[in-house]
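J.: Structure in structure tokens, see below.
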Amino acid sequence: MALRMWASSTANALKLSSSASKSHLLPAFSISRCFSSVLEGLKYANSHEWVKHEGSVATIGISDHAQDHLGEVVFVELPEEKSSVSKEKNFGAVESVKATSEILSPISGEVIEVNTKLADSPGLINSSPYEEGWMIKVKPSNPAELESLMGPKEYTKFCEEEDAAH
Amino acid sequence: MRSPRTLEVWKLGTVNYLKSLKVEDKLVSDRKANRIPDTLLSLQHPPSYTLGKRRTDHNLLIPEADLKGLGAELHYTQRGGDITFHGPHQAILYPIISLRSIGIGARNYVETLERSMIEFASVYRVKARAGHKGETGVWVGDRKIGAIGVRISSGITSHGLAFNIDPDLKYFEHIVPCGIADKEVTSLRRETDTMLLHSEEMMMLCGRKILHSFWTTRRRSIKTNSPSGLTRFNPV
């Protein structure tokens, strides 16, 4: 199981440009810790959601670190189009290993699109957390909220510190 | 060097299911605001069928109206997992803890709950195992002895586990337990010849074993109390 996670995380990491260089910085003994990929160009919340802001649309999903810590996702609950989301408030939930985990929105705005593929293929969140596993697209009501989110380097450090806490 | 964390244990006796949901909601909110430390509820329920977030009520095999005749209630919840039954002589543990402050996620947490139940079963020389993929829980062979259903809200856990010491297993005949057909449900009573203690003592032993295997590896001190703030304490 751990080897499979390692393989998929490594595969994800190899798609990245600048983040790939991080792999050689990890000493061998930390391999047993989750090596999760963190994408450049995204912003991250401390509850492990990511935001991709392109023009007037922000796409939201959960990070590789989050999906690995959840386990296999079997069910996803998402809001309806045209509903509103608020920063740090719950907008949906995922179920994995008999645990439902709330997903918090990193920003406020109006939901303009929902990833309907997740109803039949919730596992996309595990296999492709940054691409096919996207959850909602939002029209941000307050773009300044993006400034308070973490960049990739900050988020990577945040994950390492969180994992080290136990 | 971190200072040891505290885990407060509340031994509640038999608690109506809806009441326990209200207690959990309040504790989750308090834990989130750091008004209380990590807390563990140890209790039993009167006969209650419960459903998870997916509302899989097709796994209830009798009309809901018939449940009253069985002396049971049905409740819909926000936890993960499928339909299950809770009743007397089934040990229930609801940890209300901050996963973020421990730095673990749902998968790790659930695996720890499984391991704890397996260790408790081994005290009675019952060889239990964690479920195969998609069958989270604790099994003896192909028979389920412990169930898990958890909710994580802003990193705080609620609901938890149910371990069958000696519940009336006939109640499980009216559901497809946990949505898994063709698998039996079992209990510690069924699986061991060892003399079982009186149920109140078993509950304490079960709870203590579980929380020790969960907590002592994480440098925590454990405080046990029956807080006076919770009235109508009904020991089994």
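Glycine too: its Cβ is placed from the backbone N, Cα and C atoms.
In case it's useful when we look at the structure, here is the feature table from TrEMBL:
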DOMAIN    A:57-139  domain 'Lipoyl-binding'
MOD_RES   A:LYS98  N6-lipoyllysine
J.: Quick one: mean pLDDT on the domain 'Lipoyl-binding' (A:57-139)?
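T.: A mean pLDDT of 96 is what the model gives the domain 'Lipoyl-binding' (A:57-139).
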J.: For the residue listed as 'N6-lipoyllysine', list the number of other Cβ atoms lying within 10 Å of its Cβ atom.
T.: 28
J.: Mind checking how the domain 'Lipoyl-binding' (A:57-139) divides into helix, strand and coil residues in DSSP?
T.: 15 helix, 36 strand, 32 coil
